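Here is the structure we will look at.
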Amino acid sequence: MRHAHTVEQVRAAEAELAGQPLMDRAVAGLAATCARLLRERRGRVYGSRVLVLAGSGDNGGDALFAGAALARRGAAVSAVLLSPEKAHRAALAALRATGGQVTTDQNVGLADFARADLILDGIVGIGGRSGLRPAAAPYATAPRTGLLVAVDLPSGVDADTGEVAGAALRADLTVTFGTHKPGLLIDPGAGHAGPVQLVPIGLRPPAAPVQALQHADLAALLPRPGAESDKYRRGVLGVRAGSERYPGAAQLVVAGALHGGAGAVRYLGRPGAEVVRRHPEVLLGDGRVQAWVVGPGSGEATVEALDATLAAEVPVLVDADGLTELARRGPGALAGRTAPTLLTPHTGEAARLLGGAATAERCAAARLRTARELADRYGATVLLKGSTTVVARPDGTARVNPTGTSWLATAGSGDVLAGLAGALLAAGLDPFDAASAAAYLHGLAGRLAAAGGNRLPFGSVHSTVGDRGEAPVTARQVAAALPAAWRNATAPQGGSQQDAAGLGD
Ligand SMILES: NC(=O)C1=CN([C@@H]2O[C@H](COP(=O)(O)OP(=O)(O)OC[C@H]3O[C@@H](n4cnc5c(N)ncnc54)[C@H](OP(=O)(O)O)[C@@H]3O)[C@@H](O)[C@H]2O)[C@@H](O)CC1
Ligand SMILES: Nc1ncnc2c1ncn2[C@@H]1O[C@H](COP(=O)(O)OP(=O)(O)O)[C@@H](O)[C@H]1O
Ligand SMILES: [K+]
């Protein structure tokens with residue numbers, strides 16, 4: 001499991017330990033990574049051009065100390081100070097002692113920025129507030145040819161949420177200290193961070209409010225039939241989705257559920273005959289189920305379907321048309337529920353559920369806040385879909401999904417996710433686990449489908465754009481790739497597969 005902590009938690013954990021040794025460990029890890037990158041890019045550190053962007057605090061101090069370490073190995077290091085009167089004195093002295101050049105002229109800084117082999121972004125770290133200041137803003141868009149390494153986090157990204165007010169630096173790699181920060185894992189911040197490397201410095205923070213599953217966590221969560229299992233014990237999922245107008249949604253929910261491990265799927269809806277023609281495994285008509293999926297493409301049948309499922313004393317996943325109807329009814333509609341409810345909105349549906357001034361764009365810009373607010377208001381677990389999928393519980397704990405590809409932004413792929421998450425609910429997983437496991441598996445299936453027979457490329461799994469070597473996928477292909485994703489995640493050699501998928505730490 002990856003754990004991400006808030007700035008407040010990091011500060012408290014830091015206060016329990018002495019300061020300088022922490023900074024020394026941080027700087028050693030940062031300098032080692034920069035040296036490795038320079039060797040990979042230029043063959044050696046000696047003679048490389050390195051630029052340090054240094055702000056007013058310890059983040060700038062880390063960057064300047066790392067610059068000094070690289071200068072001692074023969075790199076030509078220069079630093080531009082963004083708050084000259086407040087720059088970290090000891091670190092600045094260390095850089096000067098190695099012969100490093102220091103400037104306060106932003107025009108010189110921008111010229112160095114354009115030609116450096118490696119840039120260290122030490123403008124601001126966890127002390128940052130409300131976006132980049134004017135002196136730093138040009139570096140967010142200035143042209144460069146070298147690699148940019150963010151120190152602790154990309155300047156301009158909110159550490160606790162991933163929100164970006166205005167501009168932020170865009171890194172090729174982020175070296176973060178002690179623990180992950182939520183903002184490194186959630187878009188738009190995650191998109192600015194690139195792959196994240198964690199340097200342990202001995203912090204002992206409390207339980208993490210934000211987590212990200214990894215392969216081993218998924219393998220532990222996914223249900224496996226035992227010797228005594230039968231289809232009922234594995235979980236029967238009831239599906240009220242699809243309509244005469246949208247028969248495809250029913251097919252895709254059912255495909256997600258069947259490939260996602262449901263013991264059986266019971267379908268209640270108009271296009272029943274068509275569903276059975278495509279999926280002969282499906283049962284039709286009333287009967288016992290362990291969970292419901294309601295809403296995808298349910299069109300004119302939505303009101304009746306929502307009434308029936310919300311009255312049931314089993315977990316219910318509400319998606320798509322079901323969410324639009326729920327938004328009309330408001331949070332009170334879930335007040336009488338005796339079993340858990342899982343809501344799976346995209347940002348447009350989230351805005352509808354929140355009402356007021358909420359828009360899809362605002363929800364996308366503040367994913368963690370949106371998922372938490374919805375979970376709190378509706379007293380339900382919420383899976384907010386999109387470039388970073390966030391799952392939140394009413395108590396505010398959250399999981400962010402590290403798998404996926406933007407090729408998943410294709411009609412019907414959300415229906416497949418609903419069926420898959422429903423199957424995991426029916427198997428007995430609690431909604432938080434069912435939702436986060438489903439998002440992970442769905443993202444992995446999307447990547448496997450997009451990669452075709454190719455090995456998944458190494459690198460960030462967090463894709464706001466499809467990786468090179470990936471091709472478009474259809475929702476049906478995503479459903480069909482679920483068993484391969486399941487095998488990939490649970491195979492004994494999961495670790496190496498994980499590396500191949502770029503899912504490691
Ligand atoms: N925690 C740990 O365990 C360890 C932490 N370590 C490192 O320390 C870093 C945190 O250092 P920090 O506390 O000095 O804060 P930091 O981010 O450098 O900001 C400083 C000042 O910047 C200013 N400022 C504010 N907003 C701004 C903006 N938008 N744009 C520009 N400037 C802005 C504001 O000062 P102001 O100008 O308002 O007076 C603020 O006080 C952390 O990220 C990590 O790198 C490691 O060394 C090892 C262990
Ligand atoms: N930019 C993106 N990057 C990664 N995944 C995405 C992106 N956009 C959408 N997705 C995923 O694709 C799926 C789309 O679901 P949804 O919006 O409900 O579409 P539909 O209703 O057509 O099925 C979700 O799982 C979502 O997380
Ligand atoms: K930074």
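In case you wondered, yes, glycine gets a Cβ from its N, Cα and C as well.
Where the annotation comes from TrEMBL, it is an automatic prediction and has not been curated.
Here the structure is a predicted model, which means the values were calculated and not measured.
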Same-site residue for AMP (record: TrEMBL; known: Lys385, Gly386, Ser387, Thr388, Thr389; options: Gly355, Gly356, Gly414): Gly414
From Asp24, Asp121, Asp187, the one annotated by TrEMBL with Asn59, Ser155 for K(+): Asp121
Cβ contacts of Asp121 (K(+) binding site) (under 8 Å, same chain, 6 or more positions away): Leu53, Ala63, Tyr139, Leu148, Val149, Ala150, Val151, Pro154, Ser155, Leu169, Ala171
Cα-proximity to His346 ((6S)-NADPHX binding site), 10 Å cut-off, over binding-site residues Asn59, Lys385, Thr388, Gly414: Lys385, Gly414
Distance-selected binding-site residues near ligand 2 (C-beta under 6 Å), from Asp58, Gly61, Asp121, Asp152, Ser155, Gly414: Gly414
Spatially closest candidate among Gly386, Ser387, Thr388, Thr389, Gly414, the listed binding-site residues, to Asp58 ((6S)-NADPHX binding site) (Cα to Cα): Thr388
Structural state of Arg129 ((6S)-NADPHX binding site), classified by DSSP into three states: coil
Listed binding-site residues adjacent to ligand 3, that is, members of Gly61, Ile126, Arg129, Ser387 whose C-beta is under 6 A away: none
